Amino acid sequence: MSAYHVGQLVDKMSNPDKDFRFMACNDLMKDLQTGTIALEDDSTAKVIRALIKLLSDSNGEVQNLAIKCIGLLAQPSKIKTHHLEYLVEELTPHVFSKAEQSRDIHSLTLKAMILNLAPSASSNATTTVVKRMLPKFVDSLSLCAPDDAARVDVLDLIGEVLLRFGDVVPEMHKGSLKVMVDHLYSFRSAIRKKAITGIGHLASVINGELYDELVQDLLKELAQRSPPSSAAQNVQLRTLVIALSTVARASGSRFSKHTPKVVPFLLQYLQIDPGTESEHDDLREASIQGLEVFLYRNPQEVVAFEKEVIQQLTDALAYDPNYEYGDDDEDEQMEDDEDDDEDEYSDDEDVTWKVRRAAAKAIEAMISSHRESLLNLSQKIGPVVIGRFKEREETVRTEIISVYIALLNQISILVPDLQKAVVAADEDSIETDDIVVIGGTKFSTNYLSRSQLAIIQSLADQKDVLLRTITKSMKKHPKTGPKCIELLSALIRTYPSGLEDSLDDIIPAVSNILTDKNASAQGKMTVLSFISNALTLNNPKRFKNLLSPLTTIMTHSISEPFYKVSAEGLAVCCKYIDVLRELSACGGNEEAKKLLVVVEKKFMANDTDQEVRERAISAISMLLAAFKDVLKNETPAILEKMTERIGRDMTCLVAFRASTHIVEAGIIFSSAQLQSILRHVVDYVKKIARSLRMTCLNFVEKLMKHSPAGSIPVEELTCVLGEMSNLISETDLQITNQAFCCLTYAFLNFPTCVSLHMQPILDSIIRLLTSPLIQGLALNSLLNLFTAIVKTDFPEKPTFESLLDSVTSPVYDNVALSRHAHMAIASCAAVITESTQNLEKSRSLAKKLAQQLQTANMSDSIRLFAMITLGELGRRVPDTYSPDFPVKPEDLAIKAFNHHHEDLKSAAAQALGALAVGNLNVYLPFILEQIRTQPKKQYLLLHALKEVIVWESSSEESTKSTDLFRSAIVDIWGMLMANAGGNEDGTRSVVAECLGRLCSFDPESLLPKLKESMRSSDPAIRSSAVSAIKYMINDEKRIVDITLQKQIGDFLAAVRDEDLKVRRVALVVLNSAAHNKPALVRDLLPDLLPAVYEETKLRKELIKEVEMGPFKHQVDEGLDLRKCAFECMFTLLESCVDKIDITQFSSVMEVGLSDQNHDVKLLNYLTLQRVANLAPGQVLQRIDRVCEPLKTQLNVRPRGNAVKQEVEKLEELKKAVIRVVYGLKLKLPEVERNPQFLDLYNTIKHTKELEALANDVLKESQRAVVYDTPMETA
């Protein structure tokens, strides 16, 4: 912007017309916001003078814009430092003006400047301005003695400066602190509040000596004024208590050593006799609020007072000296009288409700911060809290209900796998399970520890009283109904079977809340969320007598005008339909008809919200599918509308999903409707939208699978199938897999429609077979497709030979193929051969392949293919290799072991294993004999053996082969143990996997043998033994778990092994167990965790210097071990948090935040976010120590000669830090009061590079939203 334009703006600012002044300020503000203005020195001075003058403008809107403009000028790089100093000099004197308006305007302007200044670490200008500003404010308070109103403004400004830039002016800390402390004793409460706030901001930045002096002075004043003897002393004590609480909140762990000195005073103030000292209620409230702070910030220091704190808080929760509650029965009889009595009291007459509310919040803090005492708290506090649900004040009652919700949330964190531990009545339980019955529900002790069972027992003991009380409260206090529902939702999530016996009472009460005309939309959403959980987590038979109220809930919520409630009602309706289907013989059919009326109305409407329309489409499809016989008359109109919805871009995706559900139920669209739908499919599969293509393919697959012959229009289906060849590609194997499934059903059920496209389809398949990516589900689907092609008769069907030649053409045409591609082609060839069910063709192919394998001039690619295919033929068509057959594939495999081509050697091992899988009786003894006699080929032979063991451990075949295999286990075990101590890591890895899988067959006898090998002096053998345990662990319930749980501790003790590699393997096994089956290791953690923490330390003796040519490079041999330890911590935090001391855990994590390794840092950033979710108080207590390494990382700059990879890694770390900062800001609102965190956050906001990265992080988080959510069917 030119100086001329700036001059014009300045002229307009002094124009007599207020509209000109307003527009000039507005234009300047926009230019400053967008950065389109660059002020020169002279222009800046003119603008500043004009804006200062406008602060006294007669028009309020102009004044407000002037304030905003001055604030924007204070932003980084807008104006020079001396101009900022000038602004401070000009504005500060007006803060002490006797004219109230002038004082307020200039105070707001200075505050706007403070808020816009750059973080001190990145701006010298900020430091200069703050050092000019703060002394003026402090001196004015101590010397000028302005009136009280000015004091409030100045204290507020000092507080803002200290909050954001307290670390910039350490020389002013002592003076600022003295001023703040002096104002603690002012007679004006507003001044006292500002002084307390300022002390809190200072507490987080002052040095240790000044900090201790501050706390000691406050404690001294507290002691001198205790106990209170007058109203004035009450006020002073309350102020001191709040000041100490604020200091503790701001400084966290720094206050720890002072906490034991403060808590006794607070407990003393709570013991004052309420009968004679009712004026102490404000002091009681402040004392309880102080306890809440200490419980969150210094929980370990409060443990010594736990018993007395619980007693005082529970007493305070019931502290209501002005009201007599009476017995419960009496309450019910005198309900109306009681309501009248409540109207007699108001906040002005009775402030005891504040004490009770504070007590509720403090109890919640104790529950959240003392997780290690949760059983004791549940037993002692739980019943008291339930008894206080009768509280007469709504705000207090809401807080009390929140306390029990917090208790349930903490229990759900400590017992996250409760539903897995439930043993259903019809479940085939493992015979040796230890079953514990709690509240009528059977639990397996293999999934729950003793402490977890005790907590669930405590909850079960309180459940009946809780549900009776909460049901009564919902009827008696409709306003707190949604909060009661929130509690019930928490209960059903924590203790899924807890509501089964009480649903008959709860559902009608919930229905009344939803249908109440005064209920809020949020309240209705809460009710529907509870109903959803109840329907999902309870047996449908439990709702047999509740269909009518449930239908009322559904119809009322679906008909709700507010779209959010209506959409949620339709979502819950989908789950209700499942219940109705199970109870169709008990009135479900009639309720379905009622439900259809409201759902169909939403489905047919064209003017509804998009979300409601989509949910209605899903719900109507589920209704039709579940009650197709009952709703026959309504079906045609619905199918016609569904066809219309498919043709619209906004609803086609969800309509296709719904239509898939409909055709799976056997409901038939008319021929005309299918013609329209299939034409749309042809168009949609060509579009970019991946989710739409997949949904279309799924619909076509289910349509062909479930539709009777002649019901699908041939011409349109042929067109759809013609598009399949274009969808077969390595770029998207999921869509390719779906296309293969469609083609399989097409060849089986509609061969004439697909035969026209045989060649394009085959060409696409052959192109795909050259890809190294074809494996897994896509390969399995392709094999099924070839089976369908071979077994189905259709016009111009290719012969066996031509089909085989086409599939194997990439091998013989010398196309460059990966090993995965060779395996895929070999599998296809074997499946095609198997599908012919012609043994002669199989043997002919085997002879041909054997000849190619032995021909000297054959390419390595053909040899590799021949070897794999010979093995696959043995797996799939074992009769090929009869005793009199001249080709001996086992001899060919052994011979291939001597080949120079490594891939051929591996293929031979795999082929030998495949042969044994197909014919265990012949080839397993052969493999074992070779292992005994061929020591130089052990590695390859062990791979062949592993192929057999893996197949047997996962086989669903008859027990014949398994019995045969079991008889050989002893021989196999001996051979494996003989190779467990090899020097090659690959061999030991194979041996470990085989040992682990073998132990699953006979854990009682084999695990002790494996344990004996832990005594070996060879660390390689110990490593193999520990690693074997990893292959015994998965997330399924198996009989091996019982034996493993008893003995796994002996293997995990290797975390203290003298060998580094053994320790690393032990940590990997611990991590695997904690992730897949935490019950195996939960009770061992008190002993194992110290060893895990020990391995997170950086050990300098393990850092070696290696010379690489002219360069020296440092190699950290302990890095892998350190990574494993931190990974283990991360996993344990999710699955075994009940056994973790969060304080000790957080200390180890903090060290990891400063680790030099990129991966370790990223892992600890994730861990920090998880700790913030589970124990927010712990993070708040240590926020200073957390912020320091985060800020250090943000300030790291790449080396001048850094390569691209280094720059990208650094950028990744900075993005991770930004995610952590934003996550902490979202999860912990109080964190914004901390100067260190605020400085960290402002560093991101005011640094261009970091701000750009932050924008990228936000965009990435938005892209991470999953739009392709499946239709709700459960």
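Any Cβ shown, glycine's included, is placed from N, Cα and C.
As written in Swiss-Prot, here are the features:
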type	residues	note
COMPBIAS	325-349	compositional bias 'Acidic residues'
REGION	320-349	region 'Disordered'
REPEAT	41-79	repeat 'HEAT 1'
REPEAT	127-167	repeat 'HEAT 2'
REPEAT	375-413	repeat 'HEAT 3'
REPEAT	500-540	repeat 'HEAT 4'
REPEAT	617-655	repeat 'HEAT 5'
REPEAT	671-709	repeat 'HEAT 6'
REPEAT	1000-1038	repeat 'HEAT 7'
REPEAT	1041-1078	repeat 'HEAT 8'
REPEAT	1079-1117	repeat 'HEAT 9'
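Long-range contacts of the repeat 'HEAT 6' (671-709) within the same chain, counting only residues at least 6 positions beyond its ends with a Cβ under 8 Å from a Cβ of the stretch, are 639-640, 643, 646-647, 652-653, 656-657, 659-660, 663-664, 716-717, 719-720, 723, 726-727, 732, 734-735, 738-739, 741-742, 745-746, 749-750, 1267-1268. Sequence-distant contacts of the repeat 'HEAT 8' (1041-1078) (same chain, six or more residues past either end, CB-CB distance under 8 Å): 417, 430, 432-433, 446, 1003-1004, 1007-1008, 1010-1011, 1014, 1019, 1022-1023, 1025-1027, 1029-1030, 1032-1035, 1084, 1087-1088, 1091-1092, 1095, 1102, 1117-1118, 1120-1121, 1124-1125, 1127-1128, 1131-1132, 1135-1136. When pLDDT is averaged over the repeat 'HEAT 3' (375-413), the result is 93.
The repeat 'HEAT 2' (127-167): residue composition by secondary structure is 38 helix, 0 strand, 3 coil, according to DSSP. Applying DSSP to the repeat 'HEAT 1' (41-79) sorts its residues as follows: 28 helix, 0 strand, 11 coil.
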